[in-house]
Each structure stands twice: as structure tokens, then as C-alpha cells.
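Undergrad: Can you read through this structure? Questions will come right after.
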Amino acid sequence: MGNVFGSLFKGLFGKKEMRILMVGLDAAGKTTILYKLKLGEIVTTIPTIGFNVETVEYKNISFTVWDVGGQDKIRPLWRHYFQNTQGLIFVVDSNDRERVGEAREELMRMLAEDELRDAVLLVFANKQDLPQAMNAAEVTDKLGLHSLRNRSWYIQATCATSGDGLYEGLDWLSNQLKNRS
């Protein structure tokens, strides 16, 4: 009987956990975002070959964030991280108009995967501090987000170096997690 109350208590007051996969083309800002969330500071990054994983505590939720390298040669490895992913953060360099079509192809390829069918999608339209950056509405259009059916998605304009928009994105993810449990 005590176990029942223990579970109930943990459900009401305990920490929730969410497994997040963060992907996007190379140089979109994934690693900068991860460490801005984790440490609150800008770190010097090099291209990620493989992955970085960190736990980010926010609003009584423990987000385990997997930041996976985005270079074209290693994108086929993304699928090895799909299992048990509850939330997908897709990071887009809003200033890279030449590769936004490539970003859309990679995103749509991933969203077609059965293992990600229940994952919610958060798009970070990153590098908003740059003068030529596409705004969130333009990125939404270029990625074809309005065509998504049967998937919860949200786009957030961000600047990884200042942190602008990052916690608003986590707010949306935490609300999605609460609504599903």
C-alpha cells in the first residue's frame, strides 16, 4: 500500500524526465545551444563527430539532451539515437538560405521514421541575431511545417549565443510532456 502512495506522490511532486534528440545540419548551433542551456555560458565548439549528451534541469523536468553531429557524412548515424526519443529539437541556421532546402529534406526524412512517430517537434530557428536571418514564419514555410499532420510541433526564434528563445522552447517541451502524462 505504501508503494501506491509513493508512486502517487512521485507522480504529483517528483521530477519528470524527457529524452530529447537535438539534430540539424552542421554549424546550425546545436552544441552551442546545449552548453548554453547546461552551463549558461558560451563555449568554444568544434564540429561534433559523434555526440554530446547532457542533462538539463528546468522547471522540475530533467531533460536528457543528445546533441548529434550534423555533417552530411554522419547524418546516417542519427537513426541510432531515435529509440525512446520523446522530443526532437531540430536546429536551423536561419541565416543559411542556401541550405534550408537540405535541412527540410533531412527533417522530413527523420519524421517519416516509425521510431519517431510519437515524438514532438521543436524547431529552433537559430542565429536570429544576424541581420539577414529568416524569421520564424519564413523558416516555417521553407521547412514545410504546416504540412505536418498528426504531430505536435512548435517553432521558436533563437539566438544560441545570447540564450534568447531557448527557455521558451523548453517551456513548450515541458508543457507537451505534462499534457501527455
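Including glycine, each Cβ sits where the backbone N, Cα and C put it.
Grabbed the feature section from Swiss-Prot, which reads as follows:
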LIPID     G2  N-myristoyl glycine
REGION    3-16  region 'Important for the stable binding to the membranes'
BINDING   G24, L25, D26, A27, A28, G29, K30, T31, T32, N126, K127, Q128, D129, A160  GTP binding site
Undergrad: If you count the C-beta atoms lying within 10 Å of each candidate's C-beta, which of the binding-site residues K30, K127 ends up with the smallest number?
TA: K127
Undergrad: Counting Cβ neighbours within 10 Å across all chains shown, tell me which of the binding-site residues G24, D26, T32, D129 comes out on top.
TA: G24
Undergrad: Across all chains shown, how many C-beta atoms besides its own are within 10 angstroms of the C-beta of A28 (GTP binding site)?
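TA: A count of 25.
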Undergrad: Give me the largest Cα to Cα distance among G24, L25, D26, A27, A28, G29, K30, T31, T32, N126, K127, Q128, D129, A160, the residues the record lists as binding GTP, in Å as a whole number.
TA: 19
